[in-house]
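Peer 1: Would you mind keeping the following structure in view while I ask a few things?
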Amino acid sequence: MMNNPRHNIREVRAPRGDKLNARYWTTEAPLRMLMNNLDPDVAENPNELVVYGGIGRAARTWNDFDRIVASLKTLGEDETLLVQSGKPVGVFRTHADAPRVLIANSNLVPHWATWEKFNELDKKGLMMYGQMTAGSWIYIGTQGIVQGTYETFVEAGRQHYGGNLKGKWILTGGLGGMGGAQPLAAVMAGACCLAIECNPDSIDFRLRTRYVDEKAETLDEAMEMIERWTKAGEAKSVGLLGNAAEIVPEMFRRGIRPDMVTDQTSAHDPINGYLPKGWTMAEWREKRVSDPKAVEKAARASMRDHVEAMVAFWNAGVPTLDYGNNIRQVAKDEGFENAFAFPGFVPAYIRPLFCRGIGPFRWAALSGDPEDIYKTDAKVRELTPGNTHLHNWLDMARERISFQGLPARICWVGLGDRHRLGLAFNEMVAKGELKAPVVIGRDHLDSGSVASPNRETEAMKDGSDAVSDWPLLNALLNTASGATWVSLHHGGGVGMGFSQHAGMVIVADGTPDAARRLERVLWNDPATGVMRHADAGYDIAIDCAKEHQLNLPGILG
């Protein structure tokens, strides 16, 4: 593509307040959330339409962005916009309870589902990488993964350190849109964190948004901070400027032993997401365009070195976990047979939550007023009496998390709670307690909406890790149930060929019609997660299905 239709220095921010720019709130909501994804306070590289996760985009080109906006502004309440890999391709007559937008991003026939084929199509302008919430317009900034990371660290602390992470520290890499959650999540869990990041702008972004506490230029400087904080029992974090592929092995050689090791570099994308050892940032940026194959080769070799060091920590008795960026797979493909020695975070720490349909429920205030979020926080507390763990999370979130773009909240709840919260929020809008409607969605990383054998569905009890019928059924059911927009993606989190996943978002606009849709969608969506795990034979899921009287004929009999 000549003259790069993906580059445009313009500032996009979602409208605020209760004035419509589209014809209905069900079309205003996707309009605002699309724009919010590209807010400079939200997106990692908004001028290139990149929201997070390497090259995870909100729209294919700026012309496509403009066409999507124009379509949403005129879309009828009985029409549905179809978006194919970030390009608006059709508007069709449906009905009022149908989704207003249906999105398919980055999907390839399995035999051709490789980065090589994707990059070929991407260069021709035929596709874009949607990541998970980038191309589905429900990214809320780094907050979106904070609680999941917090839950992981807390459970790891319970399993390995008797539930107390005071005086402990976590080593990780990556401070991008997802990895940037790690330092704050660690601090919330009571630990210190040393996060290695090669891009100084990313460290500065996390400092500005209060996700990391300090910045260090050298390993010695960072370790001095870690030693001082852990000795004092303080929970603080530092972003170390450098290359994880160089520094993690060096730390092991020096005899430095963290209390936990993980990684959240963008290793899922070996061309755009991972700086090779010995390369400068300038060299990397130039060669990604001039010689992408050389970049990929060097990055993959560097990832092997990185994983070898992580396995060395694991073998030395340090709890080590893969945080879902597919770095182990790359290392194995590069000849390191023991790359999967340490577990992924889902089977190690999170799966019992998924068995009950508990996952990253989130909502955003279309008014733009933080008070609307604080009021909904209070409503969540009111409707979940006795859930002290959740209440503690809400307290910490209000104190520590800075809103990026439209105010939003992440809150891990499951089947039986999501629909109650959605109905309560809708009633608050109806009564005028909130200044404008709210949108309710989730990450694609949820209990019933993803097939990802190296991440969410790793080591399933029945061996069904790679079965991707489940996210397809989830998307179909959410469409039939009346979600406001539904998305079906490929390759999020772990890269091309390694995942399929679905998303949904629904608007609470205070109307009775919205209430009916909310009750259906926010019950059915988490119920698919319980169904999926019950089918795999997990007793927790089977008990949850029975408790909620789910009708699962081929599973419960």
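Yeah, the Cβs are placed from backbone N, Cα and C, and that goes for glycine too.
According to Swiss-Prot, the protein has these features:
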- 53-54, Gln131, 177-179, Glu197, 243-244, 264-268, 274-275, Tyr323, Gly493: NAD(+) binding site (BINDING)
- Cys411: active site (ACT_SITE)
Peer 1: When you measure from the Cβ of the residue listed as 'active site', how many other Cβ atoms are you left with inside 10 Å?
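Peer 2: I get 20 for this one.
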Peer 1: Gly177 (NAD(+) binding site) to Cys411 (active site): how many Å between their Cα atoms?
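Peer 2: If we compare the Cα positions of Gly177 (NAD(+) binding site) and Cys411 (active site), the gap is 18 Å.
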Peer 1: Return the count of C-beta atoms lying within 10 angstroms of the C-beta of Gly53 (NAD(+) binding site), excluding that atom itself.
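Peer 2: Around Gly53 (NAD(+) binding site), other Cβ atoms within 10 Å: 28.
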Peer 1: At the level of the C-alpha atoms, what whole-angstrom distance separates Gln264 (NAD(+) binding site) and Cys411 (active site)?
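Peer 2: Approximately 21 Å lies between the Cα of Gln264 (NAD(+) binding site) and that of Cys411 (active site).
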Peer 1: I'd like the number of other C-beta atoms within 10 A of the C-beta of Gly177 (NAD(+) binding site), please.
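Peer 2: The answer is 30 other Cβ atoms.
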Peer 1: Where does Gly177 (NAD(+) binding site) sit in DSSP terms: helix, strand, or coil?
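Peer 2: It is coil.
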Peer 1: To see if you understand the setup: which same-chain residues, six or more apart in sequence, place their Cβ under 8 Å from that of Leu275 (NAD(+) binding site)?
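Peer 2: Long-range Cβ contacts: Cys198, Asn243, Ala245, Met281, Trp284, Ala299, Ser302.
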Peer 1: Could you measure between Ala267 (NAD(+) binding site) and the residue listed as 'active site' for me? Cα positions, answer in whole angstrom.
Peer 2: 27
Peer 1: May I ask for the distance between the residue listed as 'active site' and Gly53 (NAD(+) binding site), taken between their Cα atoms and rounded to an integer number of Å?
Peer 2: 21
